[in-house]
Structure formats: C-alpha cells, structure tokens
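These come from TrEMBL:
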DOMAIN    8-96  domain 'Longin'
DOMAIN    103-163  domain 'V-SNARE coiled-coil homology'
Amino acid sequence: MKLYSLSIHFKGATKANLLKAAYDLSSFSFFQRSSVQEFMTFTSALIVERTSQGSRASVKEQEYLCHVYVRNDNLSAVVIADTEYPQRVCFTLLDKNPREADAMTKVQAELDETKIILHNTMESLLERGEKLDDLVAKSEHLGNQSKAFYKTARKQNSCCEIM
C-alpha cells in the first residue's frame, strides 16, 4: 500500500492549473524519479480536465490508481496510489481537510496548538516573575531606606532629649 502523489489543481475553462503537489518517489530509482513525477503531474492534470464539476472518479493508469474529486468551485484534488491503497481512504482524504483526514495529523495539530498556548503561558509567568523580583528589590531598598531614616531620626532626636 503506497501513496505516491497528492496534488491540488484549479480546473480552468481550457486546462487544469497545478496549485500544489507533494510526491513520495522514494520507491523509484534516482534516475526514474523525474520522469515518474512528470508522468504523475501530466496524468493528474489530464484527469482533472476530463472530470466534470462536483464529481469523483477513479482511473487505473498502468499500475497506479488515480482518484480525483472536482468540487463545484473548480478546485480539485488528485491522489495517485498503488492498486492496494483503499479507495475509501483516498476519497476521505480528498473530501476532508487534510488535517482532519488523518487521526495522527489531527492529534499533532492539537499538540502544536497546546504547545503554543503553554509557551505563551510560560512567557507571561516569566514576565510576572520578573515583576515580582523587581517588587522584592524595591521593598528591600525601601526597608533599607526606612532603617536609615530611623537611625537618622534617633540621632537627631537624641540631641533634644532632656535629662
């Protein structure tokens, strides 16, 4: 079971424009990768052009299965996988937000969000800690000043004592 390509196209009036694509060509030799990627790009665009709006299709091309979904707004997605890859999983990936299609990706997104919140909380705690340190330093300074004032006042008042 292998997923080779996921591409997003915009279906124009005459041709499909590739917006973004991701390929996993690690199972091919280094010298084959560019021609396989070119084949997948061409096949994806061709399938999008031949699929009507608001419909899905699966096309077998050589040893690959190409699954396409063209939305009503002409945005389309194509998944190219081997014949063992489940069709239901491909269309679930195409229908949904990719972050929600895979449980691990969804959990990772939630962890990233939690990490950001935790980071912000830690920053605010550190800022508060710095403010507390400033307050402690100011209170110590004020305490030292009050002791000095007390000593000065005692010296001043000692000359005025009646015996």
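Here the Cβ of each residue, glycine as well, is placed from N, Cα and C on the backbone.
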Mean per-residue pLDDT computed across the domain 'V-SNARE coiled-coil homology' (103-163): 83
Tally of DSSP helical, extended and coil residues in the domain 'V-SNARE coiled-coil homology' (103-163): 56 helix, 0 strand, 5 coil
Tally of residues which DSSP labels helix, strand or coil - the domain 'Longin' (8-96): 27 helix, 34 strand, 28 coil
